Amino acid sequence: MTKSLFRQSFLTDTLDVHIDVAPAEQVLSNGVQLKLYQRGVLEVIPENPTQETKNIIISCGIHGDETAPMELVDSIIKDIESGFQKVDARCLFIIAHPESTLAHTRFLEENLNRLFDEKEHEPTKELAIADTLKLLVRDFYQDTEPKTRWHLDLHCAIRGSKHYTFAVSPKTRHPVRSKALVDFLDSAHIEAVLLSNSPSSTFSWYSAENYSAQALTMELGRVARIGENALDRLTAFDLALRNLIAEAQPEHLSKPCIKYRVSRTIVRLHDDFDFMFDDNVENFTSFVHGEVFGHDGDKPLMAKNDNEAIVFPNRHVAIGQRAALMVCEVKTRFEEGELVYD
């Protein structure tokens, strides 16, 4: 048996800051190639890649305390090493912020998932990570066809949700809402997808905007520590991800996800800002038209549509940052292979 690249596993080695992680390569008996570039960054190359081969970035740990995706990724890589998991797609697995994971916190100095725009930012540990990730994305997608590029950025929600799993599709100037991507969501039993209506500064948006990748930010359950995640509730997602890596057709039934459009973004403008609900309110809590749910200065925050729902509410953000998304359920269709809505 070929000696493993890892002392214990991809995840365990990534989080063991007492050992050095040097670049290393390995070719498995089935011809699959593994390339460990640095701590938390592993490329997996199928035996016979072509120009049609999917090139998939599977990232997790952008927020250090969101650990369920790390456990799923670690299990998949173990099965790739053993030969149990078939590999027909070229993949880049990323555990982005091990130091934050070890501290059991989302970030150390600044929210990493708000640093992927082209604005000037103050130097922080997270900014250095974002700069490194941008280079990894550039190098991974180099000399590949745009239609083959995917990026699944895996997260967990910090609060309860009416939808245990959901995804956010970034808004870009490119066609990045393909039928294949929606089919993947349905196969993974992701309960809902939010269709963003404006650019953002997230990791998945960066890949979609700059490299035309089929990209999603995926929220998989609730934040928990390693070993305490309810992975049994993510079985369909795990199967769908494994099928994507193997370029295999799913054997289980799909479940169509609910589509939401982002009706507006609430940005905090004043020191005097608050919501009328507590911090435990669930994502996708809805309001009736005209219902007031907070204030920003002397301006009331109210629902502008019936059943308008709130996602990612955070009263503690700095002035100028997003305090919530407001979303409405929407009917969609495909035009020329792309998901659209009126």
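Positions of Cβ are set from backbone N, Cα and C atoms, glycine also.
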Going by the Zn(2+) site in Swiss-Prot, where H63, E66 are listed, which of the candidates H155, H163, H174 is also part of it?
H155
Just to be sure I understand the packing, how many Cβ atoms besides its own are within 10 Å of the Cβ of E66 (Zn(2+) binding site)?
26
If you count the C-beta atoms lying within 10 Å of each candidate's C-beta, which of the binding-site residues H63, H155 ends up with the smallest number?
H63
Top Cα neighbour of E219 (active site) in the set of binding-site residues H63, E66, H155:
H155
Return one of helix, strand or coil for E66 (Zn(2+) binding site), based on DSSP.
strand
